[in-house]
Amino acid sequence: LCFSCASERLCVAVILIYTGNMALATGMKCIKYLLFVFNLLFVVSGVVIIIVGAVIESIYRNYINFLAPKLSFASPPMVLIGVGVVIFVVGFFGCCGAAKENRCMVVTFAVLVVLIFIVQMSAGVAAYVMRSKVKSLLRENLRASMVNYNESNPHIYRTWNVIQHDYMCCGTDGYEDWSATRYGDAINGVPDDCCKESVRGCGYNIFNNHDQLGTIYKDGCFDKLEGDLLENVTILGGVAIGIGFVQLIGVAFACCLARSLKRQYETV
């Protein structure tokens with residue numbers, strides 16, 4: 001009878017241990033696949049960010065260097081490309097860790113994502129705090145480039161023409177800014193792209209011909225560029241916060257998988 005009771009207890013203990021291990025294994029597999037899918041999305045998002053950054057850099061490179069030449073190496077497209085590369089590498093690292101069930105790789109992934117999250121949030125806060133400095137830098141570069149506006153500087157010449165035409169503006173703070181430049185002083189007027197109907201010579205002698213002021217844009221370009229800048233900062237801030245929450249979910253999955261792997265190693 002005693003032998004029978006002992007055997008029964010042993011069987012129950014074995015069943016409980018087996019059932020617990022099965023539940024642990026099932027839960028770990030679920031977390032493993034969730035983490036793998038998350039990292040796959042992480043890798044894809046990194047590739048997308050790299051592509052977007054490269055496209056923006058190729059299309060708007062002249063604008064970026066024109067508006068902020070001192071920040072050409074830290075321009076938003078270059079930052080996007082850098083962030084995309086880091087996200088791709090970290091996501092790939094996490095995929096390998098989840099697929100191979102390597103606890104060290106999973107923990108390393110979680111630490112790297114936390115560091116990215118901290119840097120990301122710090123950069124967002126810094127960008128928000130330094131908005132006024134960015135605005136002053138924008139105004140400074142607009143005014144400095146107006147002084148060098150002429151056909152012998154094709155980069156500045158074309159960029160100012162495109163900005164004034166597309167934004168329907170004239171000068172930095174207004175059309176009268178051109179009177180303080182060599183170009184404006186030479187023609188006693190404004191560039192032709194300040195005109196509502198751009199035809200050759202339409203901006204000539206505009207400062208002496210006040211009856212023709214209705215044919216040009218009087219508002220400056222700074223306010224319109226600033227509006228676009230602040231709008232983009234707000235959008236990027238919202239996206240950064242959204243990505244930050246997703247990153248924290250990934251960290252939670254990684255921590256759960258690492259804990260499950262640790263328990264599995266301990267049972268073995």
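Glycine too: its Cβ is placed from the backbone N, Cα and C atoms.
The disulfide bond annotation in TrEMBL covers Cys169-Cys202. For Cys202 (disulfide bond), the count of additional Cβ atoms within 10 Å of its Cβ stands at 19 [all protein chains shown].
What TrEMBL records for 6-26 (among others) is transmembrane segment.
TrEMBL lists 33-56 (among others) with the feature transmembrane segment.
What TrEMBL records for 76-99 (among others) is transmembrane segment. When Cβ-Cβ distances below 8 Å are used as the criterion, the transmembrane segment (76-99) is approached by residues 32-33, 35-36, 38-43, 45-54, 56-57, 60-61, 64, 105-106, 108-109, 112-113, 116, 120, 250, 254, 257 of the same chain, each at least six residues removed from its ends.
For 106-130 (among others), the entry in TrEMBL reads transmembrane segment.
Residues or ranges marked as transmembrane segment in TrEMBL: 235-258 (among others).
There are 23 other CB atoms within 10 A of the CB of Cys169 (disulfide bond), with all protein chains counted.
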